[in-house]
Each structure stands twice: as C-alpha cells, then as structure tokens.
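*Asks:* Structure provided below as structure tokens; questions to follow.
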Amino acid sequence: MASSTSISLLLFVSFLLLLVNLRADNASSGSDLDEELAFLAAEESKEQSHGGSYHEEHDQYRDFENYEDLEHGGGGYEEEPLPTVDEKDVAVLTKDNFTEFVGNNSFAMVEFYAPWCGACKALAPEYAAAATELKGVAALAKIDATEEGDLAQKYEIQGFPTVFLFVDGEMRKTYEGERTKDGIVTWLKKKASPSIHNITTTEEAERVLSAEPKVVLGFLNSLVGSESEELAAASRLEDDLSFYQTASPDIAKLFEIETQVKRPALVLLKKEEEKLARFDGNFTKTAIAEFVSANKVPLVINFTREGASLIFENSVKNQLILFAKANETEKHLPTLREVAKSFKGKFVFVYVQMDNEDYGEAVSGFFGVTGTAPKVLVYTGNEDMRKFILDGELTAKNIKTLAEDFLADKLKPFYKSDPLPETNDGDVQIIVGNNFDEIVLDESKDVLLEIYAPWCGYCQSFEPIYNKLGKYLKGIDSLVVAKMDGTSNEHPRAKADGFPTILFFPAGNKSFDPITVDVDRTVVELYKFLKKHASIPFKLEKPATPEPIISAKKANEKIEGDSAKDEL
C-alpha cells in the first residue's frame, strides 16, 4: 500500500514539474516573439511606411483578374457615411434559405455584398426602395458574402456589390445597370413583362422577319394552354432575342416550317450564315431554353467589344478559341465553323484576331499565346481557367479530336510560364510556372508567395516592404519568401483574388489549399502571421551588434595602457 502511495506521489510531482517547464518554455517563447517584433517595429520605423491596409485598398479598387475583365474592367468607390436604411422588403439570405427563396420567386434579384464595402452602403437605400416598389413583381434579397463564403464561391463573386437576377430558380443575368431605384425598377419590370408575343396575320409575320435579327417561333395547336406556357417559361430565360407563337399554318410557312409538320414545332431564325435551326426535342421549358442558348449565337463569335457579352454571358462555359492574324482568317474560319456545327451546346467557338490593335495583344497575352502562327486552344472559362492547346495542324479532324479529348478528360492543361531565372538566390525568390512545384510545393519548406502584376500600383508600393521581410528571413532555411508575376505565370494551386494576393503554403501540408494572408501589409504583421502559421518553428536572426567606434587618441591610450600592464 505504501509502495502504491509513493508511486502516485512521484507521478504527481513529475506532472507538476512538467507543467512548470511548459510554462517556462511558453514564457520564453512569448518573450522571444515580443523581442523579435520589437526589433522589426524599430527597423520599420526608420523608414517611411509604404502601402496601406489590405481592407482599405480592396474596399476601393479591384484590379483586372481574368479574361472577362479585358472587356468589363474594374471600378472604384469611396465610402461615405449614409443614413439608416429601412430594408423591410429586402430578404436576408443564407445558405439555409437561399435555394427556397430563389425557387419560390419567378423573378428574384440577389445582391452579394460586404459590410465594409462603401459601394454596397451607397446602393443600400436605392436597393431597399426598389424592393418596396417591386413588391408583387419581383423579390429582392441580399447576402453577406463575408459570412456566406460557400455561396460567394459558388457564384464566383469577384467584387462588391455583385447583383444577379434569378428566373424560376436559375441564375440568368448579372445586373450592370444604374445603381438607382429607378434603374433597378425599370430593368426588372422589363424582365418580368410578357416575353412571348402572338402573331396572327401575315403582315405581322413579315414585319417581324424584316425587323428582328433573330427570332424564335413556336407553331402550336393553341395560343393558350400547356404548350404556350412552356414556351413562355423558356422565353423568360432569354432576354436578347424575341419569342413568338402562332397557330396559323400560313404564318408558320413564312418562318420555314412545313404546314403539315407535327405540332408543337419550333424554329430559330438568324440573319447570319447559319440562318435556320430546327428544334427536335421534348417541348419543355428546359429543353427549349437549352436549344435556344446553343443556337442563338453565331457558330463562331468574333471577339470584339460588341461580341464579348455573347461569350462571357453564355450559359456554355467551355470555349474553343482560334487565334489568327487577319490575313489567315479566310483560311481557318470556315474550318472552325464546320467543327462548331458538331459541338453546339458544348463549346462557344471564338475567333481572336491577334493583330487587332484594340484587343488582340491583350487577349493573346492572357492566354500565353506567343508568336504569329495561328493556334487553337480549349479554355474552361473563368471558373478554373484551364487551357489546352492543339499540338498539330489546324485541320477539321485535329480540332474535332481536341474537342472530343477535352470532353473525355484526356488532355493535359497548359500553364503560362516565364523562363526560369538564371539565378534565384535573392532575399525574395522568383517563382515562374515551371519552377512552382519545385519551390512552392516543397514539403520541407514553409513558403510565403506574393502574386503580383507589374502594372499594379499597390504591388509597387508593397514591394519594398516585402523585400525587407525577405531580407530579415533570408537566413532561415525552413522558410521561403517568394513572388510570382501573375500576369505571365500560372499554376492551378495559385489562384489570385486580385493583385497583390499573398498565399501561405505550410510545410507538410502542400496537398491542401494554401492559406490566404489577410493581414495588414507591414513587416511586423506578416512576421506575426508566419510565426503563428509556420509548420516549422523559426527564430529571427538579428544582425550582430557592431563593435563601438573609438577615436584614434583613445585607441592609442588603450594600447599604451595595455602595454604598461604587460610590463608589470
């Protein structure tokens, strides 16, 4: 019994000693960190601070981030104090009630906002007033994107505010009109107005065919009933072309529908090379909408400011793009059009004129297309931004094989990369597409990576701060401070949410998504972040204290004194 008591007492004493040691270690660690931060703060105070806080910068500006931004650009807003807003008619959505809300309202406008966003605050009273006026016509709601990250990611929110229109539960359009009550009300009332029109006379039919660049006509048994309702529901999903219906065989014939055809029948007519498309599916809202979406655009869309919306707002996200100079157009466009006929609804086919001075160089540069030779590639759209380049002659067979292999997931993506740097031993290491895996994904290193753009003013202001951080951390073998030009280099693990974007890749965890560094852009705050998140503990190596400088006279006196001591 005494032996058992002794053992228990010994274990208890050992536990107390362990607690004391842990507390001492923690106190020592905290003391070290305080000392390191004090040193860095003192060093920073010697120079004028560059750059502002992360949130201050991103509240006002959004830099170009992707292919679509080549058309739409960015904008800036200043935050101003605003009065309290009565938002009683604006629904507040979360992931729990979002699907039910958009599904229960034929027309639902949804705003994604951030509480710190000045433009969102300016929109709030206009949005609330529009919600009140539109009661019974459309429902308006808002989502705090900083709280509902999954929804914001699903709908690829890049800036604030972003406002979408949902029709019968499906997201159809981004609202880009005036951010005023009147602008919102006018736009939504137009969307919610009857979107299908009856044609009962040949004079009406001839006028429509003459005036409309593209039309959809349903040849029905009756202008009321289930068939008409399905056509009307499909028409609400499209707002850039007109829908008509008729029950007259004579009118149907003017639209190139045989009078004896089985009803309901549907055609889409365009004043383009491919003039007529005939619908042969089930006469349902979804099937009709898919047919119209696949056939309303030209077989090949020329990338221009006018044609950009047909690309970016298309429900089909995969793009097959031809890059060619103007003098190559007649040679390759007919081939691309021929292939496009076989892949309607699966790809948007695009032509980029490489030598167009307005956009050719910018678009080619975005995709990493260099030289003057024509090229074809597949692009997955702005969701994951993968690209697949055709390696071979631009024949119909090869382009078709590229499209088929992409759909079968047989292709290896292409990523842009600058040449490897000749030397890479600076305080901040240079990352390009072709050395990303070797340096950033090295499991034995904690890696801090800045993704920047050469033209970005904030990146330029941040550069001396980042270089200083790299200098302080240069001697720590387990930690790499690095940067990558995000305009000329790509990697699937480096997604930039504007410029600059700072990502942290912890050692031993490279298979997981990196941590976005969301702190003030100062040496001290970045250092604190690294101390907290680094997988491998480290300590700042401060420069050695230099020997004090003494005058020549005192130096001689010191030597003589030392000599006298030696003689004694």
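Backbone N, Cα and C define each Cβ position, glycine as well.
Annotations in TrEMBL come from automatic prediction, not curation.
On a predicted model such as this, the values are computed, not experimentally measured, just so you know.
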*Asks:* Among the residue ranges 29-48, 529-548, 549-568, I'd like the one that TrEMBL describes as region 'Disordered'.
*Replies:* 549-568
*Asks:* Where CYS456 (disulfide bond) and CYS120 (disulfide bond) are concerned, what is their Cα separation in Å, rounded?
*Replies:* 24
*Asks:* Other Cβ atoms within 10 Å is the metric here; tell me which of the disulfide-bonded residues CYS456, CYS459 scores highest.
*Replies:* CYS459
*Asks:* Looking at the domain 'Thioredoxin' (405-535) alone, can you tell me the average pLDDT?
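*Replies:* Mean per-residue confidence for the domain 'Thioredoxin' (405-535): 94 out of 100.
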